[in-house]
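Asks: Sharing the features that TrEMBL gives for it:
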type: BINDING; residues: 246, 248, 320, 507; note: Zn(2+) 1 binding site
type: BINDING; residues: 320, 360, 471, 505; note: Zn(2+) 2 binding site
type: DISULFID; residues: 122-199; note: disulfide bond
type: DISULFID; residues: 154-165; note: disulfide bond
type: DISULFID; residues: 261-266; note: disulfide bond
type: DISULFID; residues: 267-290; note: disulfide bond
type: DISULFID; residues: 431-479; note: disulfide bond
type: DISULFID; residues: 633-637; note: disulfide bond
type: DOMAIN; residues: 239-508; note: domain 'Calcineurin-like phosphoesterase'
type: DOMAIN; residues: 556-653; note: domain 'Sphingomyelin phosphodiesterase C-terminal'
type: SIGNAL; residues: 1-26; note: signal peptide
């Protein structure tokens, strides 16, 4: 994840990734070209090293399978028994060489940090990739037999507990098998290089360019240069937009469970009881790997009704309703949670308009968004889009009928909020590296980017301003580099039309600045944090004051307010309502002239020189949690804060290096 919060790396990162790969062939309306990676990866591993791991595991699995089939007719049973034991021992030796150490189990960044990406991870991923691809393509292993094989490898490799392996793998197997069989070339190192960039070596990376005429950027329409720093004075009260995101409420949450359970998410019914009183789950959530109970959602709604509802003009919900118990999801469970959440929001906020997004946790299986031409019900995402269209259009009336076609096509839409102001809601899980379908057809899935160009061209002609909503922030490691690059091209072309971006996913408070080819800041994206406490953060939301309540409005963000409550204090007083407070006014707290991209660029420059400002910014980045105050922000943390704020394309660090060089000069 891009943010510094302790977000989870999905537990099947290695084993599920192993089932799919592609060595450069792309399909779709785009031009494609490949660029070779260095002869060794970040860890000094060659392609041959990784392929050897796959060969060894494949051979060991084949030997075990042969032994389990029983002795040949007339063979000595005792000799066969010894051979079978030898085959099992051989397999175990191979797995021992690639399995995860205990500290890395279940791939929670909260506990493993950089350990989650290591030479051992690359070997494990490539070994399982090669072995499973062989089983599918050569031995025609399918269905339950394929799932059982991968579950066994998941358990042996110490990725997660057996019941989690089983739940995650069985739900993903049909989709992954289809992709493996219908993608022309499969290669373990290629798959692992996409999902874990540090592992990439000697393969052709996915690369394409959107084949879409965007016209010419109008002269003199470069927004927010040094000649355009001052916001016009509002002729009326600012337009007020509430951003809420990443609920992740858990209907299995219970204070009778432990917050320290050794699984991807804790505090759940059926989990282990607390070994010590301090391990018990808190009433409102927990800083450890826990989501929140429904009571926290209800408390948030009650608070916003009392504090903001009367003055609100618009609400953005930027995705993720479903909790992190991702091995127990189903279409029925997810649909129930989605409908309940949005029905409740409609009742709570009345006639206030909500513009919602889909998050990566809404589908079943987790993260999986198929291209629109995949119509097989067992593989398609159509069921989810039909639920969203029904809720967002028919039930709540938040969206007009005109949005139905693109929602059903890919979960995205555009809507005119009022004259001169349009909102575009993207489904950028089509760039998500853990959405297996991007390897089958990575080129602008469902035509979303081409559609975005058309919407922005129309808005430019009509002199409209646009806000763009997307779940995954720009520059986040979870988004394919090529998709992010093409999106950044679009943003640069229409920078005079796009007034702001609003994102989520990382569960931390963040901002990200876009730059044009001359290095001029021309757009800014704001992250909404999360209502869930997962992990190390306080429940929170954002309120934006926008220049929109007057003729000729810019629809620029004038200020951002971060609100939340202290989780420790709230859990210590479970019979009392939490004390919500305004954590910051960005403009006042950080003493910035405005939230124009140019002034935000100046703010990042100040971070390179002022260690006290870095600490303060980090605390709010982590939502003023007690954990953040205890840990503080060291030099590595400071560099990440700075780089995250100026990197809009994964693995492109031009602006990051510029600011870090300034920091080094100042510290020297």
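Placement of Cβ uses the backbone N, Cα and C atoms for every residue, glycine included.
Unlike curated records, TrEMBL annotations are generated automatically.
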Asks: For residue 248 (Zn(2+) 1 binding site) and residue 165 (disulfide bond), what Cα-Cα distance in Å is obtained after rounding to a whole number?
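Replies: So the Cα of residue 165 (disulfide bond) lies 21 Å away from that of residue 248 (Zn(2+) 1 binding site).
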Asks: Please report the Cα separation of residue 471 (Zn(2+) 2 binding site) and residue 261 (disulfide bond) in Å, rounded to an integer.
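Replies: Between the Cα atoms of residue 471 (Zn(2+) 2 binding site) and residue 261 (disulfide bond), the distance comes to 29 Å.
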Asks: Looking only at C-alpha atoms, tell me how far residue 267 (disulfide bond) is from residue 431 (disulfide bond), rounded to the nearest Å.
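Replies: With the alpha carbons as reference points, the distance is 31 Å.
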Asks: By the count of other Cβ atoms within 10 Å, pick out the sparsest of the disulfide-bonded residues 154, 290, 637.
Replies: 637
Asks: So which other residues, same chain and not among 246, 248, 320, 507, have a Cβ within 8 Å of the centroid of the Cβ atoms at the Zn(2+) 1 site?
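Replies: Those within range, site residues removed, are 245, 247, 319, 359, 361, 504, 505, 530, 531, 532, 534.
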Asks: Taking Cα atoms as reference points, which of the disulfide-bonded residues 122, 261, 266, 633 is nearest to residue 320 (Zn(2+) 1 binding site)?
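Replies: Its closest listed neighbour, by Cα, is 266.
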Asks: To see if you understand the setup: which same-chain residues, six or more apart in sequence, place their Cβ under 8 Å from that of residue 633 (disulfide bond)?
Replies: 614, 615, 618, 641
Asks: So which one is it: of the disulfide-bonded residues 261, 431, which has the fewest other Cβ atoms within 10 Å?
Replies: 261
Asks: What Cα-Cα separation, expressed in whole Å, is found between residue 290 (disulfide bond) and residue 431 (disulfide bond)?
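Replies: Cα of residue 290 (disulfide bond) to Cα of residue 431 (disulfide bond) measures 27 Å after rounding.
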Asks: Write down the Cα-Cα distance for residue 246 (Zn(2+) 1 binding site) and residue 165 (disulfide bond), rounded and given in Å.
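Replies: Answer for this pair: 24 Å between alpha carbons.
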Asks: Other residues near the Zn(2+) 2 site, CB within 8 A of the CB centroid of 320, 360, 471, 505?
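Replies: Residues close to the Zn(2+) 2 site, other than 320, 360, 471, 505: 246, 318, 319, 357, 359, 361, 429, 472, 504.
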Asks: Using the alpha carbons only, what distance in Å do you get between residue 360 (Zn(2+) 2 binding site) and residue 261 (disulfide bond) once rounded?
Replies: 24
Asks: When you measure from the Cβ of residue 199 (disulfide bond), how many other Cβ atoms are you left with inside 10 Å?
Replies: 30
Asks: Are there recorded positions among 246, 261, 266, 431, 479, 637 that sit within 10 Å of residue 505 (Zn(2+) 2 binding site), Cα to Cα? If so, list them; otherwise say none.
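Replies: So the list is 246.
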